[in-house]
Structures are given as C-alpha cells and as structure tokens.
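J.: One structure is given below, represented as structure tokens, and several questions about it will come after.
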Amino acid sequence: MKITILTVGKLKEKYWKQAIAEYEKRLSAYSKIEIIEVPDEKAPENMSDKEVEQVKEKEGQRLLAKVKQQSTVITLEIKGNMLTSEGLAKEIESRMTRGQSDFTFIIGGSNGLHKDVLDRSDYALSFSKMTFPHQMMRVILIEQVYRAFKIMRGEAYHK
C-alpha cells in the first residue's frame, strides 16, 4: 500500500511541518507515505483569465509528471464528492479490494487544478464548498487518510 500526497507549493511554517510529520509517523504503520511538492508558478496578483489558465497549465504539467501510471488519482476539488470519514474509508477500502494499492491525492495551487489534471483523476474529493489554504488542506487530508485506515482496521479513533 502506498499513499502519495502531491501538492503545489512548499510548506514554510514550522507548525504545519510538525503536524504533517506527526501524521506521517502515524500513517506509516498502515501504508508507505510520500509527500511530493512541486513548485508553484510565480504570477502577478491581478491576472487575466488567460493568465490564470497558463499558471494552472504549468502547475498541472508539473503535477502530472509526478503521477505514476498505475496510481489511482484522487483530486481535491471544491466540486468533488463530499464524504464522511467513514465514507472515505469505504471508498479507499473498495478500491483496495479491487486491487488498487497505489493512491495519489492531488492538492492544487491557489488557482485550482488544470483540466488535464482533472481528466487524469479517478475520483474527485471535496472536504467543503469553502476554500482553504493548501497548507491547511495537507494537514486535513493526511489526518483524514490516517483516520480512514483506523476505521478500515476497526480501531478506535477520536470522533
């Protein structure tokens, strides 16, 4: 079992790094875990729609270059499927019983994900209709993946 979290941009704040490190340690009991950061595209503040698409395309190319062909890709999208923690556990477990053992979760940059990345996605996941900083989403995602494994194993977890 392998979980990859593929994300645009680097974590800078120590507190986010510490939270990620804690959940990486916990999750390692259930799965190999890798976090891959691709550089975000430098862009001016007030971009035209065309410039936004160009930024998303460049970031998307960087993301797709890191996705293994056999990996099940789960993109985080505002318009994705909203699940409970138990629902996420069932989704992962269902895919595992069908022989899928390599999962890549993709978190886009501040402008979202390019169409090419969305087209490569096997499942669109949403945690909320709200927008969150991608640094925070990394922590929320890794915690929920950890929680999903606890649920799948029938182990106690904090509700």
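Please read every residue number as a count from 1 along the shown chain.
Keep in mind that glycine also has a Cβ here, set from the backbone N, Cα and C atoms.
Model, not experiment: these values are computed from the prediction.
For reference, Swiss-Prot lists these features for the protein:
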- LEU76, GLY108, PHE127, SER128, LYS129, MET130, THR131, PHE132: S-adenosyl-L-methionine binding site (BINDING)
J.: Applying a 10 Å Cβ distance cut-off over all chains shown, what neighbour count does PHE132 (S-adenosyl-L-methionine binding site) have?
T.: 15
J.: Using the centroid of the Cβ atoms of LEU76, GLY108, PHE127, SER128, LYS129, MET130, THR131, PHE132 as reference, list every other same-chain residue with Cβ within 8 Å of it (recorded S-adenosyl-L-methionine site), in sequence order.
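T.: After dropping the recorded site residues, what remains is ILE78, SER126, MET137.
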J.: Tell me which residues of the chain lie with their Cβ under 8 angstroms from that of SER128 (S-adenosyl-L-methionine binding site), as long as they are six or more apart in sequence?
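T.: Within the chain, SER128 (S-adenosyl-L-methionine binding site) has Cβ neighbours under 8 Å at ILE78, MET82.
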J.: MET130 (S-adenosyl-L-methionine binding site) has how many other Cβ neighbours within 10 Å of its own Cβ?
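T.: I count 7 other Cβ atoms within 10 Å of it.
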